[in-house]
């Protein structure tokens, strides 16, 4: 018994926790991390190449159109059309609609600009569609309308007791008024748009010349682009849309050629009216600063409120009916960019969620449309909707903000440098070439667009799934920066927002993730990707703290 208690204790081998943890982590990496990461990387590479090909193609087309002088609107003899209209004095009846909702800063600007249009007063009706919930503001808008009525302008002030259908509902009800039945064309201006006096003279003649033309669309000019860094970055993004996307869409007959299939090289050889009668898709800005043929709106089924992009919805349906569009690139209409990040976020959610939701609802209708060729159907579903409205957002966020940082921390997955560096660099240079005056802001623009791609990607997923917030409509706040006029309404004193209310935790989490990946690359990496990751994490942190 004594020996039993005096026996020397047995010495067990120490357990190597660190080594065991490394073995487990290595097993997880091999079996659970590397395979799905490799698949995700391949998908992102394919999406990146899809967007790269689309951007290069549009750049080549717009250069050919520019150097060969084949812009659609330049093929018309506009001055001759205007002279013929003045000589015959057969002016069509034109309706101008101004939908607004609590636009206390800009209602005077828009009403004043529209009422100053040079068109025979007996052939022009200005319709102010006021859905404002502020009774004081309603009274002031109505007073402004009466002021122009006294000056001889035919202004109709219309209100509703509800906001059913939002903007689309207001436009639809406005067209149902008895005094609209004699109108042949309708012009739509959002409340922050101020057209030049000769706007109708530079648009209506196109519609009179070509009875197959449904819409003449003008370009936007941003009066507050120099207000802050964020508005300059917005200008860079939208300039590409107008300079390239709209011009290519109007010049190449990509989706709908009324006279049948035509390749682009065949189109450039056409001359005369046959060339003028071919138009294409022109969606993003169709909701405002454009002149519609009312017959085309009725033929397409009228305004519908099934998505938050009622303008794009109407354009798709009109094109499926055989109507044509033209984009007038040298006709600009002043308007305002969102100058607060909150307003810009809401706007981008609507502009990203709406097209995705529209694709979900119209894919079947496009596929089974008998008037559209298979090639044209493929183009509008693949190129216009899928690549430009969905892939462009997804690849920017998932590839450059998620997959690349993870690949840096999992070196077993090879990251192809040409796809990760040279392809996005080429796309960026092509996009930014439309705003040369802001080229020195290129780095800020890249970082800001990557942050916004986080919100746009989320919005497209909501739109595709039809989830909550799919039909969320928040009117973009306007500040009336066009002329700095003082409003008659005393500004409401806003309490200072608390710091906690300014925090955006999703952006802060993304910033922490990218910061961790940057530190990892600094310690263990060899490709210096930490420079990009540090800058991008900083951009997410800046936005995350509401700055």
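Keep in mind that glycine also has a Cβ here, set from the backbone N, Cα and C atoms.
Segment annotation: TrEMBL labels transmembrane segment over residues 391-413 (candidates 345-367, 368-390, 391-413). Note on the transmembrane segment (503-523): residues 401, 405-406, 408-409, 451, 454, 529-530, 533-534, 536-541, 543-546 of its chain, located 6 or more positions outside it, place their CB under 8 angstroms from a CB of the stretch.
Mean pLDDT for the domain 'Glycosyltransferase 2-like' (186-405) in the predicted structure: 80.
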